[in-house]
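Trainee: Below is the structure I would like to discuss, written out as structure tokens.
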Amino acid sequence: MVAENHYLHISELTSYQKDKIEELRSKSADILSLYPEYDTDFSLLRWLMGWDYKIDTIIPKLRYAIEILTNLGLHKMKAQSCEEINKMIKSKSTVAEYFPGGLMGQSRRGDVIYMQAMAMAHPKTLIKSGTTSELYQLCVVETEMSFKLVREAEKNTGNKLGVIICMDLEGFSMDLLYTPTLKVYMNLLTMLQNIFPDFARKIYILNCPLMMSTVYQMISPVLSEQTREKVKFLDKDWKKHLIEDVGEENLYPKWGGTKKLGEKDTGDIRMGGKVPEKLWYADNHRLEGERTKVSVGARSKTEIKVYGEAGKKFYWLWRVSSGDLDFSIEKDGRVVWPVFRCMTEFYPEVGHFECEESGDYVFVFDNSHGKLFGKDVKYKIVLEK
């Protein structure tokens, strides 16, 4: 069987692809209307290619994805440049700088180049310094903002494009495999694949240590077959390979290029490091103290209904007794705060949400993925101006 060409010109779409794009567009018109910018032939083709053109399978997944993107306000955001996106991500959290990564630029074709110096992360302090939902939000925002640049380049060139991910493992140590953070990272990978099918054009692994084969065996089960096919382990000549693929003018000096931004050879890429102790959680949040306890059975969920007033904000803090829970907020059957799988062992789940309209809001603690054990949740929810 001849492999399908994933990176084609708009004029190369087959009749079958055009028909499937229109069918998907028609059957998901209600959800696409929430995010008109997203409704492009190539955006829909990514879903079709990612899920073997099975439209009945795609529609609920597309709904879930666009719900998350619109809940985070991404339909209202504009992407100006890689540098502006990096600046925005850093401004969203006091610990964002310590989660390695960032957009290095766009290739000569127009693909976004994402660099992640993963080995520079310090998992044991990162997990004490922010909520898991905050990490998920940062990654979803960063990825979708990248795709805004991709969609703009696709409109200008007529070519289907993507994201080139470079994973730099220089300085790798077994500390990166700290079990709690590894679980969060696996959940993150699963979520990103569900929201962004066919998202990676290529995944380059740089400075790969000998032990990486063992690590990859741990991670690969959560990667789709399509994603695994795009992973390429580069040898010692990786700088030459990157230059040939994306152009030296689009790479910062540390990675073999000539692109300049400030004095650092890493430009504005977040380079990680140990999170200072002053940024760790200190059990002094104003919502700590007396909280309400509820039990969430295995394979079930618990819903807490709270009345909200337009213009006021809900603030919450909760912890789960063990493991993790899916948390979201609904209003009139609609998800208004995205579903995130949260772990609270080292940092409680804290957040806020502004009510756009008055009425009952449902806070959902979902343990449907828990097959054997129930979990207790201690929470506090307040409504304030």
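Positions of Cβ are set from backbone N, Cα and C atoms, glycine also.
Pulled these features from TrEMBL for this protein:
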- 91-263: domain 'CRAL-TRIO' (DOMAIN)
- 277-383: domain 'GOLD' (DOMAIN)
Trainee: DSSP-wise, what's the residue breakdown of the domain 'GOLD' (277-383) into helix, strand and coil?
Mentor: 3 helix, 62 strand, 42 coil
Trainee: Restricting to the domain 'GOLD' (277-383), report the mean pLDDT as a whole number.
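Mentor: Looking only at the domain 'GOLD' (277-383), pLDDT averages out to 95.
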